[in-house]
Amino acid sequence: MARLLVLRSAPYHRSSLSAVATAITSSRSASFPRLARRHLPSPLRAVESSSGATKQEEAPLAAGEAQEPLPAAPAFVVEELGWGTQLAVKLKMLVAPPWKRVRKGSVLTMTLRGEISDQLKTRFSSGLSLPQICENFEKAAYDPRISGIYLHIEPLSCGWGKAEEIRRHIVDFKKSGKFVVGYMPVGGEKEYYLASACAELYAPPSAYVALYGLTIQQTFLRGVLEKVGVQPEIQRIGRYKSAGDQLGRKSMSNEVKEMLGALLDNIYGNWLDTVSSTHGKKKEEIEEFVNSGVYQVERLKKEGWITDLLYDDQVMTMLKERVGQNDKKSLRMVDYSKYSRVRKSTLGIGGGGDLIAVIRASGSITRTRSGLSISSSGIIAEQLIKKIRTVRESEKYKAVILRIDSPGGDALASDLMWREIRLLAESKPVIASMSDVAASGGYYMAMAAPVIVAEKLTLTGSIGVITGKFILQKLYERIDFNKEILSRGRYAELNAADQRPLRPDEAELFEKSAQNAYASFRDKAAMSRSMSIDQMETVAQGRVWSGQDAASRGLVDSLGGFSQALAIAKQRAKIPQDKKVRLVEISKASPTLPEILSGIGGSILGVDRVLKGVLQDVTSLNGVQARMDGILFERLENMPGENQLFLLVKEITNYFG
């Protein structure tokens, strides 16, 4: 499950977290007594931690400075537009350009499949975007031209946090009184979790729907490395920090088994709760049904898990009758891509006068951009810092929502962004909103905000660090390769010498440097969350928590999605909850030439997204990593055999540079 960035130059790799990043149905807000004592960052002072290291701490609260309890996101309601707004909407629709026109009586079709990004996509970017998916549901609820939604659900490689956000919008859309019909030809637990929110769910008679339960897999390469003469030197600080285990161990540690077991229990338990609530059955009944081995789609129909067995054309014929288009040759539809270009303002549901900035940070963290990376290749600290400073220096933004979907990365980059977010929070309210994952360096960023919001099964925490290098002595001997180094300075060869084991004094320094990085991370986390060092130590140690468990331990303040973060941002900015605001996407960028070429290549030449990912991943990083692990083969699910082989080769070559 591990991923290691070595001290010598090594290809950089993004973690895959879809195996365990999860959330469940309801978006219940949770506030905690400790939060009532929290406040916006005040000037910092240095104090000594229990470890002897210097840490920064907030000054104590002044009298009467306690914050009011956090609000819950208001329930979604489709409000009736005034006659003036309705007239303006009709005029805007009348003069809309052809690429934004939607015919009356259309059915919005969206196919949810594969990866779903937390970033906004440009016209030249391929793939699905979570904010655009959610916005399409909201727009369709108000759009008089849209009769309903036909939702194709196929194998997903996103985490459960995004799945929960989408499911919440499906449930909200049904309040409009319009239909939402699901169609699932292939799927498992995650896909059914989404599909079960639809008012009707259909599948072809030959559908592949397997509900067998959930697994988490971990693979180990230590034995393979030993056979080829490679010895990994790994320093991972934290009993639960499993980054590096894939290279340094041959089996799962007891601590990692405990951590992953708890996460799996959360995921599976919440899935059972959601499905049982949807079907009006007991949790035990749902579990018994799953344990019977469900693979016959006929059983799903018989037990009421799906509405009927129909092919896609039959469902569309049924929808034609429902919307009164029997005289039409085909169902009048508008797809995800075209409808994403329809503005909310066209439908009269645009924001008001107050501006709230949205800063999105997705992907692995690096400090600077490499020559091969493109703007969508992760979190580039130096670029994000510029955006944060722009927002901090502007007086037009009343609050900021920092949306994070990251497994971490470079520890130094994470710390630099932590500092800038702290400074931003001194000038205006900042709310951190977690998506699938905000762990390790991702949590480092989030903890700089006075309020943190997560989905119930967002992956978070992982407060720990890892660093390492390969010792290639035996490999060099086998291939008769020689390497000699001239150096000056006792530790000059610490990072350069891979042809010999570390000397005892080098190994001691290697460990101390990692311990120092961990102490800095832990102490700043304690200060940011108003905890003592000892309190933070009990929830740190590299352990990954679900959002719900993190909330009960003080690492997260409230449970919910983006709408919950928005409600808190309004409260902190003294904006009434019923007043509309305008969200300004700070991270939205114009398409670059590489993106345009990539988009053209993807659509015309059929360039595989995995090949594009290689260009983004081939970059070098050095130093200590605040990184959470991925599950090696999880992303390989539901992919063609050649892609699986390609990704496996990519994983291995990333380790050996």
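Cβ from N, Cα, C; glycine included.
Just so you know, TrEMBL annotations are computer predictions that nobody has curated.
TrEMBL annotations:
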ACT_SITE  K241  active site, proton donor/acceptor
ACT_SITE  S440  active site, nucleophile
DOMAIN    173-324  domain 'Peptidase S49'
DOMAIN    424-575  domain 'Peptidase S49'
REGION    43-65  region 'Disordered'
Run through the Cβ atoms and count how many others sit within 10 Å of the one on S440 (active site, nucleophile).
36
Give me the CA-CA distance between the residue listed as 'active site, nucleophile' and K241 (active site, proton donor/acceptor), in Å, as a whole number.
10
Identify, in sequence order, the residues in the chain of the residue listed as 'active site, proton donor/acceptor' that are 6 or more apart from it along the sequence and have a CB within less than 8 Å of its CB; answer 'none' if there are none.
S462, G464, V465, I466, Q541, G542
On average, what pLDDT score does this prediction assign to the domain 'Peptidase S49' (173-324)?
89
